[in-house]
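Visitor: Can you read through this structure? Questions will come right after.
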């Protein structure tokens, strides 16, 4: 193949064409061409290939969204794409164009406020991004030019530049490693800023350039690099380097082991030389900046639904008033009274145009029923609320859909478990060895001596071969005593020792386990691996090939040469090793593997294959052909590995323990009590995963396990198995799903389902012969609905996402949450409504793609049961309250039209119309949405069942929305007609002076502001000095503003219809009395309703609130048998004194 390629490259026709390769990115169907990079910008030798200089971007990173010039137009365009903002813009333009009853300021000022606040927030955030970009782009880098090292800014770096990077420096762009300060051409790198892995990874220089260790030698390199165009996958890279020696090109493969990514840091290597291949926004790190898809919360969907309803109400009001206006004007005396003659132009205007103009005028008059400020308040609540949740040391990121979660999907390894591996035992041909307990290189306290469980003589040849295999088949690095990231490693009892590091904690545990069993891995030097055996002799093995681990094969191999003999050592999951075994004590080892899996241990099998020189040459040919391929390299490598890793001889198996995380079981139990269903999705084998599920209390001892696995479907058809399981669960529950039961009801059997990846694939895509057997997905979902917990084992990452999507798009459309810690969990995290990343040992890819980040699984309990509960209570009150207070605000305006001949006369003054939502009523609800705590935080954590009160978006359902709307209409009727009947007595003041329409409107508005503010005060449970300041301060501000607005002649006003109106109203005794009576009458029904409902049908939350001040059930907090009547204890800052009743405590607040 290479000969053909070189003939093409050397042909004259090549000068007329661009040399391209088709590359297919894994998981994508798009095809991209390659790029050619000239190292040091040197032209290739004459006659080899055409010099076609390609244009590449500079190394400038741009994470900002706006520039100084496009900020205003771009930001305005984005803001007016929102329906609410666009609607108010249209209303504002209508007020400018036609003669409307209210000033354009009444709509323009709130809209301007909303747009301005949002623009300032987004502008500030973008300014911070600009600032961060500049600090990165101006960072100095060292570049080799003409045999010398020059210094330039990072943003000026170009593709093809040869860069010098020193220890602890960060790579400025994506680089191909040419040479290092180490003789073997390796360097060590940490990628913590990319994927969170703090372990040192090994990267390799190009074999033919690794000896170039000075600037002059590096500058003499004459080569070109052909590689794929930029792709966002951090772990995939395909390319090759053509090195010209005596005008002859030598091709070498390039892979991810040669690629140093921007953002990674050089460690424990003095310096490296590397060539830039991707710069600026084409680096893999920059390509991963792409924004995640927008997730719409249930609250936002409810808001939009309510907005549509209120928009229909608005249009209906405008249509009714327009029709009634023309009914009213059917009488000529009403149509054109003597004091208001029309102009000739008005008389000649067509009635349709007049009606349309009147309709628009009524739309403008009533448009305040649509709460434009609600959107900016919700945005501010999210923005400010994110700081409240960030100040919680346990949780990061802002609040979104953490309320009403119904399904929790969790990974196992590193999420439920610690991913902190402890070597337990190994089994060689049925003989079990248990060394000291080793946990990631550290001796466990209390461990002593080596214990051989099976004392019968073992096969010494296989035993030592097994130990050597584990000492060789890995990617562990050995570090001597040194300071790494400020921490001293490798010191044991005052003596300098070595320590192991690896990207896989399993490998460290295995190598340390072998060390305790007498075989110590020393180092990799000059392509030779050194082992210290039991006789303290050093054995050297030449490392020829490494067949790296991947999640599809689930195994890795090495090919080594020792004393002229060639061996392939392979280790991997039992499911990937046993089918390739041709000899060995398979039954004994398999039995031990199954035993360890039931105990919850992670098992690996180890095998080997001796190779002849001819077989090794064939292996080299296969691997080199696959590595040099630019097209489908991964596929060809997988095929080569499959051919090589066969005909294996089984040596034994290992077992390591991944301990359960602290409080993981308590967290899962709390989530169950809160009404959530927890599913575990893992790639582990069924027995191991099931043992972890029992330990974490996902399954209980009385749980009846239902299996939907390959083993069972081999005995029965999938159709029969599904229908058997369906009959089993429905026989117990009838036609009701488990959602109708409490998760811990003793009246029904507790079912748990186990399904594996292969069976799930069959369920999702039935075979042709099963296609007529019914809809398997629906039957599967029905079974799952009736199970309290589900375990999905042997799952591929894509299958995890498919499971989440299947539940998310089911008929009930439940809110889903996915939590994981590794790259294999990203797909399900992105698919779920809420994605949570755990900052574990498998990297930070999960965190980078999540909505939230938490340190441990146990923090999920607080985030959901406390922060999620508070957030939902606050945001639901905010949404309902905004619609309520706007109904109270506008419905009197609608009623007023019946008393002013539908003349579009406004009831309120322009200033009141403008400031009602901006100033008078905005701050109290904003503060409520930030700090309200209707129940103490500790109680929420102790009683997870309280979460059920907010399940399934319960506080934003239509009945509650209708109640708030009806309450608003009632309050509006009381305010309007109460003031109207009080105004029946026209001599309202002591001096006999009559009040006019502006005094009437001011009286209604005063009652309105006080009523809606008192309503919020009545709903507030958590009072602080800030609440008092904001709530009462808002009312004082309204009074002071009204006094100033009507008490001073303002020179900028053409007319001042409110002059002295407010003072005159307050000088009237009946006005004071009417304000008090109307506020009381407005609030009374809501208060009575709450009292009756709390007494007759209290919710769990209301019972807790009552018990906080009166009684607490004795059985919840104390064993009554050991309690003395005279004893007193302290509970939650309250003195708890037992009374004679056996059921309750009396609480006296301290």
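Including glycine, each Cβ sits where the backbone N, Cα and C put it.
Annotation source TrEMBL lists active site, 4-aspartylphosphate intermediate at 411. Annotated ATP binding site per TrEMBL: 411, 412, 413, 507, 549, 571, 602, 682, 683, 684, 794, 800, 824, 825, in sequence order. According to TrEMBL, the feature Mg(2+) binding site maps to 411, 413, 821, 825. Per TrEMBL, the feature domain 'P-type ATPase N-terminal' maps to 53-107. What TrEMBL lists as domain 'P-type ATPase A' is 140-210. As annotated by TrEMBL, domain 'P-type ATPase C-terminal' applies to 847-1099. Per TrEMBL, the feature transmembrane segment maps to 80-98, 305-328, 359-378, 911-931, 961-983, 995-1017, 1029-1053, 1059-1084.
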Visitor: Spell out yes or no: are there three or more C-beta pairs under 8 angstroms between the transmembrane segment (1029-1053) and the transmembrane segment (911-931), with each pair 6 or more apart in sequence?
Guide: yes
Visitor: Consider each pair of residues in 411, 412, 413, 507, 549, 571, 602, 682, 683, 684, 794, 800, 824, 825, all listed by the record as binding ATP, and report the largest Cα separation in Å as a whole number.
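Guide: In whole numbers, the farthest two Cα atoms are 26 Å apart.
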Visitor: Answer yes if the transmembrane segment (961-983) and the transmembrane segment (911-931) have at least three CB pairs under 8 Å among residue pairs 6 or more apart in sequence, and no otherwise.
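Guide: Not in contact, no.
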Visitor: With Cβ-Cβ distances below 8 Å as the criterion, list the same-chain residues six or more beyond the ends of the transmembrane segment (305-328) that contact it, or say none.
Guide: 83-84, 87, 334, 355, 358-359, 362-363, 366-367, 369-370, 879, 883, 886, 894, 897-898, 901-903, 961
Visitor: Given a Cβ distance threshold of under 8 angstroms, which distant residues of the chain, six or more beyond its ends, lie next to the transmembrane segment (911-931)?
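Guide: For the transmembrane segment (911-931), the far contacts come to 102, 105-106, 109-110, 113, 368, 371-373, 377, 380-381, 384-385, 388, 874-875, 877-878, 881-882, 885-886, 889, 1001-1002, 1005, 1009, 1012-1013, 1016-1017, 1019-1020, 1022, 1024, 1026-1027, 1030-1031, 1033-1034, 1037-1038, 1041, 1045, 1058.
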Visitor: Give the residue from the binding-site residues 413, 824 that has the most other Cβ atoms within 10 Å of its Cβ, counting over every protein chain displayed.
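Guide: Of the binding-site residues 413, 824, the highest Cβ count within 10 Å belongs to 413.
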Visitor: List the binding-site residues among 549, 602, 683, 794, 821 whose C-alpha is within 10 Å of the C-alpha of residue 411 (active site, 4-aspartylphosphate intermediate), in sequence order, or say none.
Guide: 683, 821
Visitor: Distance between residue 825 (Mg(2+) binding site) and residue 794 (ATP binding site) at the Cα atoms, whole Å?
Guide: 13
Visitor: List the residues of the same chain that sit at least 6 positions away from residue 794 (ATP binding site) in sequence and have their Cβ under 8 Å from its Cβ, in sequence order, or write 'none'.
Guide: 575, 683, 684, 685, 686, 756, 757, 758
Visitor: Cα distance, residue 821 (Mg(2+) binding site) to residue 549 (ATP binding site), nearest Å?
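Guide: Residue 549 (ATP binding site) to residue 821 (Mg(2+) binding site), Cα-Cα distance: 19 Å.
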Visitor: Which residues of the chain, 6 or more past the ends of the transmembrane segment (995-1017), have a CB below 8 A from one of its CBs?
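Guide: Distant Cβ neighbours of the transmembrane segment (995-1017) are 881, 884-885, 888-889, 892, 896, 900, 905-909, 912, 916, 920-921, 924-925, 928, 971, 975-976, 978-980, 983, 986, 988-989, 1031, 1034-1035, 1038, 1042, 1057-1058, 1061-1062, 1064-1065, 1068, 1071, 1074-1075, 1078-1079, 1082-1083, 1086.
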Visitor: List the same-chain residues at least 6 positions away in sequence whose Cβ sits under 8 Å from the Cβ of residue 602 (ATP binding site), in sequence order, or say none.
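Guide: In sequence order, 413, 421, 506, 655, 656, 657, 658, 684, 688 meet the Cβ cut-off.
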Visitor: Just counting, how many other CB atoms are there within 10 A of the CB of residue 825 (Mg(2+) binding site)?
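Guide: Other Cβ atoms within 10 Å of residue 825 (Mg(2+) binding site): 33.
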Visitor: Using a 10 Å cut-off on CB atoms, tell me which of the recorded positions 411, 821 is the least crowded.
Guide: 411
Visitor: Compute the average pLDDT of the predicted model within the domain 'P-type ATPase A' (140-210).
Guide: 85
